[in-house]
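According to TrEMBL:
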{"type": "DOMAIN", "residues": "2-145", "note": "domain 'SPX'"}
{"type": "TRANSMEM", "residues": "250-268", "note": "transmembrane segment"}
{"type": "TRANSMEM", "residues": "280-303", "note": "transmembrane segment"}
{"type": "TRANSMEM", "residues": "315-332", "note": "transmembrane segment"}
{"type": "TRANSMEM", "residues": "338-356", "note": "transmembrane segment"}
{"type": "TRANSMEM", "residues": "377-399", "note": "transmembrane segment"}
{"type": "TRANSMEM", "residues": "411-431", "note": "transmembrane segment"}
{"type": "TRANSMEM", "residues": "549-575", "note": "transmembrane segment"}
{"type": "TRANSMEM", "residues": "581-600", "note": "transmembrane segment"}
{"type": "TRANSMEM", "residues": "612-632", "note": "transmembrane segment"}
{"type": "TRANSMEM", "residues": "638-661", "note": "transmembrane segment"}
{"type": "TRANSMEM", "residues": "706-730", "note": "transmembrane segment"}
Amino acid sequence: MVAFGKKLRQNQIEEWQRYYINYKLLKKKVNRYSQQIQVGADNQQNVLKDFSIMLDNQIEKIVMFILEQKGLLASRLSILGEQHDALVEQSDGSKISELREAYRAVGQDLLRLLFFVEINAIGLRKILKKFDKRFGYRFTDYYVKTRANHPYSQLRQVFKHVGVGAVVGAISRNLADLQDQEGNYISIYDQPALSHPDPVIDSIKAAVNRLSNSTNFLEFLGRHAFIFQDESPTPSEDHLAEQRYHFMSLLLNLVNTFLYMVNTYIIVPTADNYSLHLGAAATVCGVIIGSMAVAQVFSSVYFSAWSNRSYLRPLVFSSIVLLVGNTLYALAYDLNSIPVLLIGRLFCGLGSARAVNRRYISDCVPLKLRLKASAGFVSASALGMACGPALACLFQTNFKIYKLTFNQDTLPGWVMALSWLVYLLWLWVSFREPPRENNMLSPQESYTGLSTKLNFLGAYQHFQCLKSYAHFRNAAKDLIFYTAGLPVQEAVKIDFTQPLLLNSEAKLQDNNVDEEFDDGEEDSDENHKPVTSIVSAYRLLTPSVKVQLFIYFMLKYAMEILVAESSVVTGHYFIWSTTSVAFFLAFLGLTVFPVNVIVGNYISNMFEERQVLLASEIMVFIGILLSFQVLIPYTVPQYVSAALITFVSAEVLEGVNLSLLSRVMSSRLSRGTYNGGLLSTEAGTLARVIADGTITLSGYLGENRLLNVTLVPSLFICLSSIIATCFTYNSLY
């Protein structure tokens, strides 16, 4: 992962260089302020005032340039509009084609401007975050609120795409008109579905979506997946993701996510009946359900490591292990064996490939599609969670084929085994293994290799003309490949009249000067290498991140207690059938979608995420309190309403918590085996293991005490997380 300071230098448009945010100067100022305050040479008030003035000047410089460029684009569109009007009465195909290319050129220049705005907005956010981190002061809140809400705000021009819509509309309308040479005009306003947008329009829309600073439903779901989004990928990095992307492989990855969640929850409504049939207590369902989570604690690590080398092989292995596990789960009924049942569930947990699912989206999906793919990951998980119990209620039958029994207890195993077999065949036929990074040249290696080729050719050009020409042509192909993912204006420029080795030395000297000017804090490669152990990953966690992981542990614990013991509790108090329990759990699962829509589109735009975080924790606490059975008879309305409050609040809490985590987690935990996704998965899985163990141990006290005994630890853990959140509230972003 390349530091932002280096990315800013690499991605600057040369002729606009002096209009970019002076990130290195601002970073150097922050370090100098810190030293001055430590030695008592300056006070905080003067520092805040001085730094605010510097930022105002930088933003004004950027905004004035943006307005100037928008004016130039508008002038060009006005001239093209006059040419367009002159062509209305003519049918000259060559002139129409030239005019269409001229509109596309305006679109390409708008893309350049949007990229300029985006990279400056990222630089501004990063320097504000660095200032807050260095001084422990919420300067960002003060600066953004005072500047963004002012009637003469220039900050709004940076973070909001003001005026871009008008330019995009003019380009879209005229390109749609020019596409039709038969005179049957199709208006983008009257029949937008019939218009065929030009690729440049799609690129502009994607750039505008990245630039938007508002939180929407798709972004909320994407962060919920805890798949890191690189704010400013280099063109070569995005080009590599484009090469790796394969739609069918992504679809198979999401199907794996869906089937695994179905596999997890399909047994919940019948696990207590199954354990009773095998001669165990109903509360042994906690061990049956939790054994899958126990194995997942270990499988997450080796699958995460395996995904460094391959994606197809771990998915194939996962499918085979899950096929075996579900078969053993179904056979345990006729074998009358609890150990076989538990071994089957352990196998299912060993087949958990969620680490691979996350990693594939992070590494092999282009940036423009990554947010949608992340939202698809969350949606597939939620849909699987709802479909699992819903499918269980359809298995109300009992018959035998030879010596194999098919009933409500065994059919979940048989159906999932068949599903994984079909998936395995589909995976083997349709999945395409993406090329690995170690099999491809990095951009720097490509450029170095190209320079070496061309210098070698220059030395031998006098006596190997024909052979050199063939090699030169291959080198030119390498150059085209290297620059294919870059805008034309940013293509590598090589002066063939100068010795290339001298150019390389000059470039190296320029880089050395840049490094001397920079303090090296962010640009050190060591600071961005992936960690190599779980202990190293834990050491990188700040106190606020540890609190957020504890919150994740708490909500997963509370949800697992609620879901896993639902069949036993409802059977004891309300005498619910398996079908009733299945419908209830499916209903809880389906609440995920409307809740995320409301939070993503409305609540997160009205309140700060840390406010929603604390409020959700309090609501979970209230839901757990209402779930206790005290004195008065326990009723269905009390149980259902308390369960709904707990589950929905936990879902809101999960989305907001992971959204916060995705922004404050160290960049070293964004990739590699021991990444942030693995840490959150391990925290949630450990919570499920402990919760399921609590249910089984509490069962020894009797089913009449199960509810209250299991709710006490939930209440205590939830209260602890609220207290921890209050202590770290000011450090949450």
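The backbone N, Cα and C atoms fix where each Cβ goes, glycine too.
The helix, strand and coil residue counts that DSSP assigns across the domain 'SPX' (2-145) are 124 helix, 0 strand, 20 coil. Per-stretch counts of Cβ pairs under 8 Å to the transmembrane segment (706-730) identify 549-575 as the leading one among 250-268, 280-303, 377-399, 549-575, 638-661. Highest Cβ contact count with the transmembrane segment (377-399) among the listed stretches 280-303, 338-356, 581-600 falls to 581-600 (criterion: pairs under 8 Å). Proximity of the transmembrane segment (638-661) to the transmembrane segment (581-600) is established through 3 or more Cβ-Cβ distances under 8 Å for residue pairs spaced 6 or more apart.
Against the transmembrane segment (315-332), the recorded stretches 250-268, 338-356, 549-575, 581-600, 612-632 differ in Cβ pairs under 8 Å, and the greatest number is found for 338-356. Counting Cβ pairs under 8 Å that are 6 or more residues apart, the transmembrane segment (250-268) and the transmembrane segment (612-632) reach fewer than 3 and are not in contact. Across the candidate stretches 280-303, 549-575, 612-632, the maximum count of CB pairs under 8 A to the transmembrane segment (338-356) is reached by 280-303. With a threshold of 8 Å between CB atoms, the same-chain residues lying at least 6 positions outside the transmembrane segment (280-303) that come near it are 264, 267-268, 271-274, 314, 318, 338, 341-342, 345-356, 534, 564-565, 567-568, 571, 673, 678, 681-682, 685-686, 688-689, 691-696, 698-700, 703, 706.
Note on the transmembrane segment (549-575): residues 265, 268-273, 282-283, 285-286, 289-290, 541, 581, 584-585, 588, 613, 617, 620, 624, 627, 629, 634, 636, 639, 643, 646-647, 650, 653-654, 657-658, 661, 679-680, 683-688, 690-692, 694-695, 699, 703-704, 706-707, 710-711, 713-714, 717-718, 720-721, 724-725 of its chain, located 6 or more positions outside it, place their CB under 8 angstroms from a CB of the stretch.
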